[in-house]
Amino acid sequence: MAMDGYRGFLGLLVSALLVGFLSVIFTLIWVLHYREGLGWDGGASEFNWHPVLVVTGFVFIQGIAIIVYRLPWTWKCSKLLMKSIHAGLNTIAAILAIISLVAAFDFHNASHIPNMYSLHSWVGMIAVILYISQEIGKNKQLLIGFFVFLLPLAPPSLRALLMPIHVYSGLFIFGTVIATVLMGVTEKLLFVLKKPAYSTFPPEGIFTNTLGLLILLFGALIFWIVTRPQWKRPKEPNSTLLQPNRGTPEGVEGSMATNFGNMDKSDSELNNEAAARKRNITLDEAGQRSTV
């Protein structure tokens, strides 16, 4: 099935992938060139894993997971396969986010820095909790959503009710992650840039501000792609769900009942007409006898 506005979609998709990849590269350059590099010793080099893993997993991979259904080359694949790919990408992003939190807490504890005191840490922890709840079912509502959208035998009415919640929650979490990353980048620069100060436009500050703009642009491109109705994955023609009560496809039972009702009505009319003809024949015979 052809996609409406395919060239526009392809252009935005390539732009999103390029900007997202550049965001990861810029983050690596930031920590390797301007900061202390990467390590796992409780020092600043361990903390540097925090922005690298957040941008790679929580931003870039999550963004790809959000738009994976929109790729027209995958529309011939089964919906269950695409759900598995979507869930797999989200799982990778969640694992990277957890490791990034471990790196941040290790650094804070080793350096005797208080944990969870800034708005960045509050919003970030909320985003991580919501994201993991969505994926592994710690939140009851999203646990229902997991079973409803992964298992094809869920009642259509339940799927229709929870689909807007599922979509909105994913976009809300992604937007929250983008905001958290931008707050974290600004917070880090305010802490480390003293001489020269952040306000004097040092090279690291300009470079990292550019990284923030790339992340913001990537988020905007993902939001635009996923909210265009003409780029939505078409429904599968053979994806009619079975009703759990009688096992008949949705919409078929009602039409069958209507057809049977019409058949019963037609049979009743035929029976009435036959009875009327029989009564007329009986009356005609009786009239003829009386005449004779």
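Glycine is no exception: its Cβ is also placed from the backbone N, Cα and C atoms.
According to TrEMBL, the feature domain 'Cytochrome b561' maps to 15-227.
According to TrEMBL, the region 'Disordered' annotation covers 259-292.
Per TrEMBL, transmembrane segment is recorded for 12-32 (among others). Packing against the transmembrane segment (12-32) from elsewhere in the chain are residues 38, 48, 51-52, 55-56, 59-60, 63-64, 67, 71, 204, 207-208, 210-211, 214-215, 217-218, 221-222, 224-225: each is 6 or more residues past its ends and has a CB under 8 Å from a CB in it.
Sequence-remote contacts of a segment are chain residues at least 6 beyond its ends whose Cβ falls under 8 Å from one of its Cβ atoms, and for the transmembrane segment (52-73) they are 1-3, 6, 9, 13, 16-17, 20-21, 23-24, 27-28, 31, 38, 82, 85-86, 89-90, 92-97, 99-100, 103, 127, 131, 170-171, 174, 177-178, 181, 184, 215, 218-219, 222, 225-226, 231-233. Annotated transmembrane segment per TrEMBL: 52-73 (among others), in sequence order.
Summarising the annotation, TrEMBL assigns transmembrane segment to 85-105 (among others). Residues 40, 46-54, 56-58, 61-62, 64-65, 68-69, 115, 125, 128, 131-132, 134-136, 150 of the same chain lie 6 or more positions beyond the ends of the transmembrane segment (85-105) yet place their CB under 8 Å from a CB of it.
Positions annotated as transmembrane segment by TrEMBL: 117-133 (among others).
Under the heading transmembrane segment, TrEMBL lists 142-161 (among others).
Marked as transmembrane segment by TrEMBL: 167-185 (among others).
For the transmembrane segment (206-226), the list of distant contacts is 9, 12-13, 15-16, 19-20, 22-23, 26-27, 29-30, 34, 55, 59-60, 63, 66-67, 70, 171, 174-175, 178, 181-182, 185-186, 188-189: same-chain residues at least six beyond its ends, Cβ to Cβ under 8 Å. Taken from TrEMBL, the feature transmembrane segment covers 206-226 (among others).
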Along the domain 'Cytochrome b561' (15-227), what average pLDDT does this model show?
89
